[in-house]
Amino acid sequence: MKIDFLTLFPEMFEGVLGSSILQKAQEKDAVQFQVVNFREYSDNKHNTVDDYPYGGGAGMVLKPQPVFDAVEDLTSKAAAAPRIILVCPQGERFTQKKAEQLAKEEHLLFICGHYEGYDERIREHLVTDEISIGDFVLTGGELPAMMIADSVVRLLPGVLGKEASHIEDSFSTGLLEHPHYTRPADYKGLKVPETLLSGNHAKIEEWRNKESIRRTYLRRPDLLKDHPLTEQQRKWISEWEKE
């Protein structure tokens, strides 16, 4: 997979793309990152990329020219047409399902803006996806783009050490993940559940399943509405409702 980032602040990406899973993914040739400063595509001598909005109002708006030229340059060199993603508060809410969908693509291109917003022609004529990471406002699109990229890249074949790791993650199954424990079994009187120490794999799997359902029921009950529950899982929920 290839992932391009169009940004005015390329230095923001250095630490994230050069660390942890994203770095390992590059070393394994699972992904190739390219960070491009679209200010370099500005066609005026001052390299400005923003201007005042027509009709007045506060803030500055990203001009279409540098963004259009940058996207056209990158796509002209691409082996496959990329998904062009605009990260913005008005976009589709990002979910694990969306990450899985994007992980099947060959090429992603993120447009990371700053200032008040984008010229609407960017949104209407360049973008294939508009994605939001939540109902809040950030200074720019760089952090959301990196978060989305991280979520997507870890799903690529061979990136994680244990292939089942991402399948067991919260949301991959439609539920929140069960609790995890490691050594020591007793830390300052805080003990690991006996079931996990029993060596009985069937009991351990049942415990994890139950705790996953419990955690989802308590913290994100909305996720259970569309989740196909077994008879046993329904019994557990019925018991908790009586508590």
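A Cβ is built for glycine as well, from the same backbone N, Cα and C atoms used for every other residue.
Cβ neighbours within 10 Å of Val137 (S-adenosyl-L-methionine binding site), excluding its own Cβ and spanning all shown chains: 6. Secondary structure at Val137 (S-adenosyl-L-methionine binding site), taken from DSSP and collapsed to helix, strand or coil, is coil. As annotated by Swiss-Prot, S-adenosyl-L-methionine binding site applies to Gly113, Ile133, Gly134, Asp135, Phe136, Val137, Leu138, with the evidence given as similarity to another entry.
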Taking Ile133, Leu138 as the binding-site residues to compare, which has the smallest set of other Cβ atoms within 10 Å? Leu138
Got a sec? Which of these binding-site residues, Gly113, Gly134, has the most Cβ atoms within 10 Å? Gly113
Non-local Cβ contacts of Asp135 (S-adenosyl-L-methionine binding site) (under 8 Å, 6 or more apart, same chain)? Pro89
